[in-house]
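Annotated features in TrEMBL:
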| type | residues | note |
| --- | --- | --- |
| REGION | B:1-26 | region 'Hydrophobic' |
| DOMAIN | B:32-90 | domain '4Fe-4S' |
| BINDING | B:49, B:52, B:57, B:73 | [4Fe-4S] cluster 1 binding site |
| DOMAIN | B:106-135 | domain '4Fe-4S ferredoxin-type' |
| BINDING | B:115, B:118, B:121, B:155 | [4Fe-4S] cluster 2 binding site |
| BINDING | B:125, B:145, B:148, B:151 | [4Fe-4S] cluster 3 binding site |
| DOMAIN | B:136-165 | domain '4Fe-4S ferredoxin-type' |
């Protein structure tokens with residue numbers, strides 16, 4: 001670890017302005033200082049935890065505990081199946097009391113597989129792994145498998161399994177996404193203020209793993225304090241991979257992966273391509289901290305930093321909350337007046353979703369919970385009529401779309417079920433940021449239309465796959481029947497041929513068999529005749545004796 | 001006179017070259033089978049249920065190419081008819097009710113303790129989704145079952161049930177906001 005590099009980095013200013021900018025974007029009220037004033041605290045583990053079996057993008061894992069099992073903190077509960085999957089560990093010591101499906105806060109309102117744990121009063125440390133000396137280059141494989149074992153997924157909200165991203169070895173730059181552009185959410189901001197060293201170490205571990213040559217922390221200019229803390233920590237560090245901070249003007253949604261890249265590098269990631277194709281890896285602050293926990297502390301991902309905010313919360317702030325902690329427990333802990341609280345928003349107010357069933361648990365995807373007073377300021381027609389106002393073609397949505405799409409066109413095609421056109425208009429590039437719906441003067445729930453369109457496209461794709469499979473099997477059966485028929489026919493033909501040949505042989509006696517049989521028969525006849533003669537002679541002799 | 005001859009010969013020669021080119025192309029690039037049949041077959045849902053009156057999707061596709069009505073496929077439903085109409089540039093028509101009704105996707109399940117192992121359903125299954133042997137219990141491979149229900153009539157002991165496929169969280173479909181009572185709003189917009 002040469003110190004000269006560090007010195008050269010720290011000698012010039014490590015904070016710079018963002019080079020690029022992205023199309024559109026909005027400036028909603030921030031509401032961030034409700035929760036970013038207090039330092040991070042731990043939340044005591046609740047008496048009961050409901051842990052959804054699927055908490056990440058990709059395949060559902062396999063449950064490896066049984067009903068009634070005594071489990072320890074950090075123990076594996078769900079084992080990943082396949083590449084795009086992640087382990088889930090127990091956040092507490094306790095007993096598995098139920099494996100039946102539970103409400104997990106999914107927008108469908110459907111229940112999903114979950115593990116319910118009754119927790120013990122006394123909790124162990126939960127550090128189940130051996131720490132790894134990540135600076136030793138021979139341990140890279142081990143770090144990669146640790147990231148996988150620890151069940152780390154993207155904690156910015158997308159929950160994409162991290163080990164898939166870190167398996168790339170052609171990365172130039174690791175971008176640490178600390179934009180946190182959505183209103184109310186402050187967990188990444190607070191993490192950089194309180195524990196910047198751990199985040200830096202996590203970033204170094206990942207950068208080292210993917211062989212990145214530099215690390216860029218990307219943040220917005222409304223987080224001055226965390227920028228200060230971070231640059232202070234960077235200037236003090238002795239790590240080898242150079243780090244810098246890029247500050248972008250505050251604008252929503254600069255935290256989107258492709259938007260962040262555009263801000264930092266000034267280049268766009270082409271549609272359908274991943275950042276790794278440009279030599280870039282983007283990781284969220286909290287994800288890197290989880291990597292630090294797994295590699296340095298040996299702690300799997302079983303809790304996360306969650307922003308608890310809103311005007312109904314007693315002590316808003318950022319808390320370490322175990323996965324599976326139900327909203328009901330949080331309501332109790334933060335003295336939320338349930339009468340005033342009709343729904344809770346999980347995630348941010350633009351991209352999150354509201355839940356009305358408060359048994360929903362905190363999962364790997366939950367970065368924020370907003371408990372706000374049921375608002376009385378809604379415009380009357382919004383609640384009275386079921387239909388939104390028609391689109392007036394004002395074009396405001398197009399101006400704010402960060403993905404450079406045409407939101408109006410997407411709306412028309414979604415409304416009229418024209419899925420092919422919808423796809424051609426680039427619906428799959430829509431990041432569902434909600435900027436278009438935010439500016440829409442007709443209050444059209446645009447994102448809901450896009451989600452409807454996207455899931456219709458997914459449905460069609462799934463049906464096509466099923467149809468293709470059925471077609472293959474049908475064709476195969478047809479082929480098999482034909483083949484069997486042909487085989488049978490061939491067999492019959494062969495048998496008939498053989499019979500005919502036999503008959504012919506019999507007639508022609510080509511190999512002399514018939515002749516042999518005839519000869520044998522003749523011999524038998526002859527023998528019989530001669531025996532009869534001899535017997536006749538003997539008979540006459542005895543007769544003669546009797547007479548004499 | 002000579003000019004006339006030259007012109008005629010040129011044209012005849014030109015026509016001959018073009019003709020032989022076309023003739024060559026028609027042999028060299030000959031298309032096996034009827035390509036439109038394959039295109040129609042792509043659109044059909046491949047349940048192989050025979051509700052259209054043909055023994056499978058491919059035969060129905062062949063029949064459509066010959067001029068059969070496009071509204072005889074209940075599993076394809078309205079969307080299927082739309083897709084066929086678009087492909088063949090025809091009018092969208094309502095589903096022919098005599099063929100059946102559009103229903104939610106289903107699969108069949110064998111009540112295994114009642115199965116006598118007659119193999120009749122195995123022979124009836126168009127996609128080989130039933131496994132078992134003579135005098136042995138049979139069972140349906142649900143992931144392969146297209147819900148065509150062709151195995152039900154041959155079963156001598158009526159031990160096959162039709163089960164609707166329950167949507168799971170993974171294949172859940174976002175609802176159409178136009179049909180929702182209360183489309184959700186963006187909270188931050190309401191607050192500010």
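For all residues, glycine too, the Cβ spot is worked out from N, Cα and C.
It should be emphasised that the depicted structure is a prediction, and the values quoted were computed from it without experimental measurement.
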To the nearest whole angstrom, state the Cα distance for the pair residue B:151 ([4Fe-4S] cluster 3 binding site) and residue B:115 ([4Fe-4S] cluster 2 binding site).
13
Give the residue from the binding-site residues B:121, B:155 that has the most other Cβ atoms within 10 Å of its Cβ, counting over every protein chain displayed.
B:121
In the structure shown, with every protein chain counted, which of the binding-site residues B:49, B:118, B:145, B:148 has the densest set of Cβ atoms within 10 angstroms of its Cβ?
B:148
Considering the binding-site residues B:52, B:57, B:125, B:151, which residue's Cβ sits among the greatest number of other Cβ atoms within 10 Å?
B:57
Sort out the residues at least 6 away from either end of the domain '4Fe-4S ferredoxin-type' (B:106-135), same chain, that have Cβ-Cβ distances under 8 Å to it, and list them.
48, 50, 56, 141-142, 144-157, 159-165
Could you please provide the mean pLDDT value for the domain '4Fe-4S ferredoxin-type' (B:136-165)?
91
Which residues, same chain and not among B:115, B:118, B:121, B:155, have a CB within 8 angstroms of the centroid of the CB atoms at the recorded [4Fe-4S] cluster 2 site?
B:110, B:116, B:117, B:119, B:120, B:122, B:138, B:151, B:154, B:156, B:157, B:159, B:160
Report the member of B:73, B:115 (the binding-site residues) whose C-beta atom has the most other C-beta atoms within 10 angstroms.
B:73
Count the residues of the domain '4Fe-4S' (B:32-90) that DSSP assigns to helix (H, G, I), to strand (E, B) and to coil, and report the three numbers in that order.
30 helix, 0 strand, 29 coil
Among the binding-site residues (B:57, B:115, B:145), which are close to chain A, meaning C-beta separation under 8 angstroms?
B:57
Check the DSSP secondary structure of residue B:148 ([4Fe-4S] cluster 3 binding site), expressed as helix, strand or coil.
coil
Out of B:125, B:145, B:148, the binding-site residues in the record, which is closest to residue B:73 ([4Fe-4S] cluster 1 binding site) when you go by Cα distance?
B:148
Rounded to an integer, what is the Cα-Cα distance in Å between residue B:57 ([4Fe-4S] cluster 1 binding site) and residue B:155 ([4Fe-4S] cluster 2 binding site)?
23
